Structure formats: structure tokens, C-alpha cells
Amino acid sequence: MARMSFVLAAYQMVLSLLMTSLTGSSLQSSECPQLCVCEIRPWFTPQSTYREATTVDCNDLRLTRIPSNLSSDTQVLLLQSNNIAKTVDELQQLFNLTELDFSQNNFTNIKEVGLANLTQLTTLHLEENQITEMNDYCLQDLSNLQELYINHNQISTISANAFSGLKNLLRLHLNSNKLKVIDSRWFDSTPNLEILMIGENPVIGILDMNFKPLSNLRSLVLAGMYLTDIPGNALVGLDSLESLSFYDNKLVKVPQLALQKVPNLKFLDLNKNPIHKIQEGDFKNMLRLKELGINNMGELVSVDRYALDNLPELTKLEATNNPKLSYIHRLAFRSVPALESLMLNNNALNAVYQKTVESLPNLREISIHSNPLRCDCVIHWINSNKTNIRFMEPLSMFCAMPPEYRGQQVKEVLIQDSSEQCLPMISHDTFPNHLNMDIGTTVFLDCRAMAEPEPEIYWVTPLGNKITVETLSEKYKLSSEGTLEISKIQIEDSGRYTCVAQNVEGADTRVVMIKVNGTLLDGAQVLKIYVKQTESHSILVSWKVNSNVMTSNLKWSSATMKIDNPHITYTARVPVDVHEYNLTHLQPSTDYEVCLTVSNIHQQTQKSCVNVTTKNAAFALDISDQETSTALAAVMGSMFAVISLASIAVYIAKRFKRKNYHHSLKKYMQKTSSIPLNELYPPLINLWEGDSEKDKDGTADTKPTQVDTSRSYYMW
């Protein structure tokens, strides 16, 4: 019995397939327009429910009108990429039509599409046409429409009642048009809208209450609109919003007030905005936020203290490909217990503090590769056995500094270096090297530094005044983060401002030159070299740093001394803790230019030069030399008298005796003559060539040469 039931079921299945095949064949042969494809295809409703639909596919046929012999059973009509600009009544008999695709055609007006009486239509594609406006009630017959794609057109005007009748609309794509305003009245007719994409429109700005009628909206995309600011009440009414994108705008700060009005937000995209810093309160009390993206921000330099605060459900933070992001405060995260993934790769970070990582109890993975990492005490935690955090792409983690470790893998270096304290280093790009401000404006200079122990930050003004957090001044104010505020700047405030970061190990500095209305009053020189003593064969030079801009324990990373005249040029590296230098083995009565160049760890350089002429050799003889010379002259005089008498006595001697006498006199005179100065004082380079071939040849290379002058300097 079971066998017969199985055979009967199989027979019925074959019969059903045969009938379907015959039906499809009949549809294709008798009711399918020429060149089109007519068949039953899978179809998904706007709610992603699977169905099968009778589909007529006439895409890419260069049609100028809709085929006339369409079956009334057609449910999906695809006419994409044709040249249709107008319909007559070809659609009026398609009572079962649920999806219509007119994308990439030549419509300029919605009325010309012929949408009357399409009461079953749920999805309409009109993207990439030439539509310029949407008039009142232009879609009122589409009472069941759930998806409207009208993006990538030329729409500049939408009337207040253009969407009237679309009470069931769930998805609206208006992006990439020419809209200059967003009118909240548009949305009065779409109370059930869940997804709105309106980016890439040249809107003048977002207004307060712009989206208030959209209480059911779940996703809002405001990308590529050149927005510079989001008003505090712009997002009021979006109580169901879960996903928000401000991608590729011109926001210079996080719209924290507006974000507080979307209590259920889960996904926030702020990527590709010129936000300068993420500061305290920017992301605070966003209780449902799960993922945050702050990638590709060309101006982002720092994530400050408590920038992310009380985000109990945040699980993923992406802050990658920010070319200036060089500083994350050790207390950047507060009450972020659920964070599992922290992506910080491809930035300008020199380090991430251990305390930052320890504040994230559920952190599972971190990505800090492709950063110019500073391999010293700040990142020793990376090699700690106490952490179970997985490092993404660890083989791409290389040291950028100190110089002796550059290019080596981080973990290999940290095994060798176990120091617990290290010098401060001011983060690169936190403020520019030069500014030109308008008179009366307020200036903010953000200085950030990393070190162990944590450095103190203060600023020094062009007049040498030290500005600290405790300083009381109407002109200057310093935040605990290191941001100097200069109120209502005037021309007399122009000049050199120096940030100093200092701890027990030493200090680091960075300078910004500020012009006001193009004027710079400050002429102070950071580094000054001067001649302390001049002799015929040596010069003693000294230098000092302007006390207005440097601290006494500032350490340079390198220093170079160069001496130059038209005949010789020599360069030597100077120990960085030296403030005096004795240049020896010089030529008398010769002009020289002596230059000192110093560089800090940021490769910022300061240079100072001085011109000097060595003394004449006659003034350089000491007393012992004079006594020796006098004695030598007396001996030579006596000998000369004896030789003169002998010459008269043997005048009549034989020629060979006269010859021998002449030879003896010549030999004696060679022993007693003065040595030329250019032999007594050979060029500086010869002093360190020792017994080399150059000594034998008696020649000097006049090309600039790197030499060791460790024997000729004096310690301060």
C-alpha cells in the first residue's frame, strides 16, 4: 500500500512539472514580447519573504516604448537600461503588477511613467532617469507601495504633498539628486517609513525637527551632503532609529547634542569627516550603541580623556586610516564594559597606554599594526603575560623609534628593552607649525604628549611667560589636556608659542609660529651660537638655547657642527649634551663660517651660524716659544760669523773643498730654517688619518667629510 502511495505521489509530481513546463512554454511563446524573457522567478517581498512571481525581463533592449502584448498575469516587469521616456496605457491592464523597474531610462516627469491604478505595486525603481521635480500627489494611486527608489535623478524640487497616499511606504531612496532643502512636511504622509537615504544632495543644512514625523524610522543615511554642523534638535522624533550615517561630510566636531536625541541608536558612522579631536562628552550615555566608526578622518589627531563614556553595549570601535591620529588618552574609555574589538591600525599612533587597555575588561582583539610605534616603556604591556588580547596582524607591527630599533618587529625589541620610564614625546600634528589668524579670533592649540610617568604640559608665550593649568589670565587659558586657548588674539600676541611636555626623564617641545593679519612680531632665535675665544689655529665656540622657549633639561636627538671656508669644508657630529666646542688645527688669518644644527625626535631642526677670522700667527707665540727663538737666533748668529771667517780662509782652496763647504752650509741651513705654516698646521682631517696613505702623499681631500671630534670638545 505504501509502495502504491509513493508511486502515485511521484506521478502527481511529474504531472505538475509537466503542466508547469507547458504553462511556461505557452507564456513564452504566445504572451511574451519579442526579445524579452518570461518565466517564473524567485522574488522577495520588502519584508524579505520568499515568493515566486511571473516575471517579464526586457532589460537592456534599447526599447523606446513598453511592449504592448504583456500578460495581465505579469507580477514583475523589468525594463531597466532602455530609452523609454513616456508611456501611454501599456501598464493599465497589469492589475497584478507588484514590482516595476524603470531605472536607467529617459523619464523627466513622474506623470509620464503612467502609474495610475497600479494598486498592487509594492516596489518602484525610477533611479538614474532625468526627473527634475516631484509635484503634489504624483504617487497617490500607489497605496500599497513599500519601496521607492528615485535616487540619481535631477530632482531639485519636491512639493509638500508629493508623497501623499504612501502610508505603507517602508523604504525611500532620494539620494544623489539636487535637493537644497529637506522639508519635514514630506514625511507627514509616510508615518511607517523605516529606511531613508537622502545623502549626496547639496542641501544648505539640516534643520531642527527635520525628521520629527518619522517615529518608526530605523535607518537614516545623510552621507556626502557637505554638512558642517548638525543642530541639537535635528534628530528629535527618531525614537526608533538604530542606524545613522554621516559618512563623507564636513563635520568638524561630533554632533553630541543631536546624538543625545536618538536613544536607541545602535550603529553610528562618522567616517570621512574632518573632525579634529574626539573629546570628553562626545559619546556619552548612548546606552544602545553597539558599533562606532571614526575611520578615514584626515584631520583627527586625538581621542581625549573620557571621549567614550558610559557606553554599556558598545562592542566594536573602528578608528583606522586616520593619518594624523597620534594620541589616545590613557583614560579615553570610561564605563565601556562590553567592548570586544578595538581597531586602531593605519594611524599615526606612537603608542597605546596599558591603562587604556586595562579599562576595557572584555577586550578580545586589538589592531595597532601599520602605526609608527615607539618601542619603549609605554608599550611594554604588549609583551606582558598578563593579557589574553589577540593582536591582529602582529607581523606588521614595527618600531619607528628610537632610531636604533627602526624597522624591527615590536615584540623582538621589547624583549631587549625593559625600562619603566621614558622621555615625553609630543604627538605629531596635534597642532600646526605655522598659523595665520585674523585679529580678534580665539585660537586653540592642542598639545598632547605620551610618556611614563605621565608628563606635565605647559606653554611658553613669545614674551617668555609660562602658562600652566593654574595660570590666571584673561588672555591665556590652559586645559588639563594641554590645549592652550588664546582669546581675541591681537597683533602684539603674534610670535613663537612653545609647548613643553616634561617629566622626570626630561622634556620635549614643539613650536608654532602665529601670525596675526599676516604680521609676525616675534624675532627671537631659538638657538644662538657665538665665538668665545679665537686663536691663530683654533676657535672656541659656545651656544645656548633661548630660555623663553626651552627647558634646561631638554634633550636633542642629534647635533652637527660644520666649519666652512672657500678651501675646506668639514662636518662633525657633536654630543647632544655639549654646549661648548673647540675647533682646532685651523689656518691663521683665515675666514671661517661655523654652523651648529640640532634636531629633536620629531626631526625638527634649528640652525645658528657665526663668521669668524683666526688670529695672525705672530700673536700666538707664547713665552717659551719666544725664549727658544731668541736662543736659536743667537746660536745661528755665532755660527754665521765662524762660517764667514772660514770662508775667507779657504777662499783659495781647491774647487772640491769649496764644493764640500757649500754642501755643509746648505745641509745646516736646512736644519735650522722655519717650517712653513701650512706644514705646521695640516688640515683638520689629517689629524685622524694617522699613518694612512694620505699622510704619505701629503694631500687633503677637500670634500665635506664626517669626522669624529670627540677629542676636541669641552663639557659644559
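In case you wondered, yes, glycine gets a Cβ from its N, Cα and C as well.
According to Swiss-Prot:
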{"type": "DOMAIN", "residues": "26-72", "note": "domain 'LRRNT'"}
{"type": "REPEAT", "residues": "73-95", "note": "repeat 'LRR 1'"}
{"type": "REPEAT", "residues": "96-117", "note": "repeat 'LRR 2'"}
{"type": "REPEAT", "residues": "120-141", "note": "repeat 'LRR 3'"}
{"type": "REPEAT", "residues": "144-165", "note": "repeat 'LRR 4'"}
{"type": "REPEAT", "residues": "168-189", "note": "repeat 'LRR 5'"}
{"type": "REPEAT", "residues": "192-213", "note": "repeat 'LRR 6'"}
{"type": "REPEAT", "residues": "216-237", "note": "repeat 'LRR 7'"}
{"type": "REPEAT", "residues": "240-261", "note": "repeat 'LRR 8'"}
{"type": "REPEAT", "residues": "264-285", "note": "repeat 'LRR 9'"}
{"type": "SIGNAL", "residues": "1-25", "note": "signal peptide"}
{"type": "TOPO_DOM", "residues": "26-631", "note": "topological domain 'Extracellular'"}
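Beyond its flanks by at least six residues, the repeat 'LRR 8' (240-261) meets 199, 215-234, 267-276, 278-279, 281-286, 288, 299 of its own chain at Cβ-Cβ distances under 8 Å. Outside the repeat 'LRR 1' (73-95), and at least 6 residues removed from its termini, the chain residues within Cβ reach (under 8 Å) are 27, 41, 43, 53-67, 101-108, 112-120, 125. Outside the repeat 'LRR 5' (168-189) by six or more residues, the chain places 46, 127, 143-156, 158, 160-162, 195-204, 206-207, 209-214, 221, 223 with a CB less than 8 A from a CB of the stretch.
For the repeat 'LRR 1' (73-95), the model's average pLDDT works out to 94.
Summarised by DSSP class, the composition of the domain 'LRRNT' (26-72) is 5 helix, 16 strand, 26 coil.
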